[in-house]
Amino acid sequence: LKTTDSLQRSKIEVSPRLRKVEVKRSYLRNRQAFLYGAAYCLCSYSMVLLNKLVLTGFNLDAGESFMFYQNLVSVAIIYTLKACGYITTEPLTWKLVSIWFPVNLIFVGILLSSIMSLKYVDIGMLTIMKNLANLITAVGDMYLFRKQHNLQMWISLLLMIVSTNYGGLTDLAFSGISYAWQVTNCLLIAGYTLTLRKTMDGARKATQSGNLSEYSMVLLNNSLSLPLGLGLAFLFKEVDYLLSSLVVRSSMFWFVSTLTRFVGLAISLTSMWFLKETDPTTY
């Protein structure tokens, strides 16, 4: 009886400690998710500004080639870090590639549609129109993953939709082509967000170690994008345009173009970190 009483007393004493530990863990998870989200937002909007600078500031008319160069630089950065021993990546097996390839097609579509829409629409309007992707993702999250959203979430989404419509009505530089590209971009972003989490889980099972780091996922995305980007560049005859264009002789053009890829790499990493800590709708 004494032993039973002492055990019960110890449980009562330990219970508040366990609660404090759990509260501390929850706080750390929330803080980590917030930091990843803030980093992702900062990188994302920096990327929009830099892409706009390249496409309009240098009057570049080769979106597919620009995408190919960005992906090439990302692959080079990853392999350089790996060679220096800073990171490790999983071998690119056919099984892993086959699982990742569908989501990679969406990834390429996002890059292309974003570049094409930036050629015709200003940054402010593009930022507002991106809110449409949030609504599509939230609805998809409900039907695909049975996620229930609270009233505050729906009010936030409603305000985003109102701002998008109001912004469109007052857009003096309205362009049907840009709006079509941006709507396509929103659909692809929603599809990518909803499928990435599931693809990440499936890809982990196909690796030798049973784990798939963010660097491996970035390498997969950008490596698989290279043949697609190169094929599109030849299809739209951008190679001939670049060979005769004066913009490729500008050192500043190459500096800014390379800088976009460093930011793009940061976007890929922070988005995957953020998605691991939250759900598609919050992301």
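Here the Cβ of each residue, glycine as well, is placed from N, Cα and C on the backbone.
Just so it is clear, the model here is predicted, and its values are computed rather than measured.
For reference, TrEMBL has these:
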TRANSMEM  33-54  transmembrane segment
TRANSMEM  66-87  transmembrane segment
TRANSMEM  99-117  transmembrane segment
TRANSMEM  123-144  transmembrane segment
TRANSMEM  151-167  transmembrane segment
TRANSMEM  179-196  transmembrane segment
TRANSMEM  217-236  transmembrane segment
TRANSMEM  252-275  transmembrane segment
- Message: Cβ pairs under 8 Å only, please: of the recorded stretches 33-54, 179-196, 217-236, which one is richest in them relative to the transmembrane segment (66-87)?
- Response: 217-236
- Sort out for me which stretch, of 33-54, 123-144, 151-167, 217-236, has the most Cβ pairs below 8 angstroms to the transmembrane segment (179-196). 123-144
- Message: Counting CB pairs under 8 Å, which listed stretch among 33-54, 99-117, 123-144, 151-167, 217-236 touches the transmembrane segment (252-275) the most?
- Response: 33-54
